[in-house]
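Now, the feature entries from TrEMBL:
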DOMAIN    3-62  domain 'TRAM'
BINDING   299, 328, 349, 398  S-adenosyl-L-methionine binding site
ACT_SITE  425  active site
ACT_SITE  425  active site, nucleophile
Ligand SMILES: C[S@@+](CC[C@H](N)C(=O)[O-])C[C@H]1O[C@@H](n2cnc3c(N)ncnc32)[C@H](O)[C@@H]1O
């Protein structure tokens with residue numbers, strides 16, 4: 001059945017709803033069909049790209065009827081760039097789909113009683129909401145079907161984003177609505193400067209080329225960090241590029257570069273050289289300062305991160321005499337954010353540099369009631385740790401998409417804190433973990449928060465309290 005279905009065209013399917021991971025769902029002869037880049041309410045012909053015994057996947061090749069919920073995408077790169085896949089759906093509806101995802105995952109996976117899910121907290125800004133973007137230089141620009149068919153020659157150098165699932169193809173970005181401030185200007189000016197000065201763009205197959213990657217980070221206080229990654233140690237070209245940026249964008253507060261001669265673009269193991277200004281930027285929240293260095297993690301939507309942390313703090317409802325554990329603390333942002341209202345906060349995280357930042361952040365904010373430890377959660381949170389530290393009154397946990405390791409969940413059950421605030425960027429794994437915690441805990445509040453407009457991603461905060 002499955003092989004036979006591949007490439008078959010299924011006609012006039014009505015897109016019914018959006019399921020987990022933003023997939024649109026239709027049915028064909030009783031079987032689920034997942035379709036890309038459509039909206040609920042569309043009526044489409046679908047070419048099957050993958051057929052399995054329980055479901056099919058496909059792409060819409062003809063749209064007979066457009067959903068009334070569609071809106072015009074505002075970005076010229078929509079549909080090619082993988083960045084904002086939901087621009088064609090009204091933002092209010094995006095929010096309701098996200099909330100529904102949370103409800104579905106808790107019903108399907110957690111299978112525990114939950115109160116009515118709170119209305120999702122939407123993002124006041126639905127454009128220019130990110131504080132960090134990562135662009136790639138390539139000599140292999142993605143060409144559209146029309147460009148290829150025209151038979152003309154085109155500039156093949158590009159500076160932009162990876163085409164989804166294509167590591168070697170880059171869509172050249174003229175304007176990106178994700179990051180404001182100097183972001184678009186820096187990217188476009190640097191591309192123009194490189195092209196007019198014959199500075200080479202990276203070849204991902206041959207692993208040669210001077211310009212490799214550009215990271216731009218901004219803060220709500222107006223600071224900005226620009227990091228250029230070079231693929232060759234060409235001192236003259238490096239000097240030329242960095243001097244251009246320094247002169248053209250003197251408002252940049254941290255102008256940095258990296259000479260990266262290894263196979264991938266990740267920077268965690270690379271030396272970062274300060275060309276001009278400081279080697280960090282600082283974000284501010286309620287008067288607290290958060291130092292962000294080139295390798296630090298910081299939530300990418302600062303305004304919504306603030307809302308998220310407020311929700312977590314509200315749920316924790318601290319009176320001043322509690323011991324709080326902040327698990328998966330990153331650079332200690334939540335730990336430091338709640339510290340003034342707690343007796344002590346203990347943060348754990350496995351990236352050592354992040355723990356160094358977490359301690360610096362406590363120090364520059366005059367907080368002396370925080371303790372931070374680096375290590376894998378499942379090894380750190382053991383009997384020994386419990387013996388050495390006061391038992392927690394509140395546990396705040398914010399794991400990565402994979403959720404918590406089962407050993408960690410079991411340890412949480414042993415720690416027996418009266419309250420757990422579970423922050424998650426993946427309601428499916430959160431629901432799985434909550435099902436295990438249900439042995440001792442009940443779900444009191446479920447609060448989704450939108451951090452990433454125009455994407456299917458949803459953040460969700462759950463308050464768990466001990467069953468009486
Ligand atoms: C979603 S982030 C949370 C960051 C932080 N709460 C914040 O808001 O900035 C998850 C964090 O968990 C860390 N992490 C992932 N797996 C881990 C593990 N096994 N043990 C400890 N920390 C881990 C990651 O490095 C990351 O900093």
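The backbone N, Cα and C atoms fix where each Cβ goes, and this holds for glycine too.
Features recorded in TrEMBL, as mapped to the structure shown.
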| residue | record | CB count, 10 Å |
| --- | --- | --- |
| 299 | S-adenosyl-L-methionine binding site | 23 |
| 328 | S-adenosyl-L-methionine binding site | 19 |
| 349 | S-adenosyl-L-methionine binding site | 27 |
| 398 | S-adenosyl-L-methionine binding site | 23 |
| 425 | active site | 20 |
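Residue 349 (S-adenosyl-L-methionine binding site) carries a strand DSSP state (E or B).
Annotated S-adenosyl-L-methionine site 299, 328, 349, 398; additional same-chain residues within 8 Å of its Cβ mean position, judged by their own Cβ, are 297, 326, 327, 329, 330, 333, 334, 399, 400, 423. Cα to Cα, residue 349 (S-adenosyl-L-methionine binding site) and residue 425 (active site) are separated by 17 Å. With helix defined as DSSP H, G or I and strand as E or B, the domain 'TRAM' (3-62) counts 6 helix, 36 strand, 18 coil. A 10 Å radius around the C-alpha of residue 425 (active site) takes in these binding-site residues out of 299, 328, 398, in sequence order: 398.
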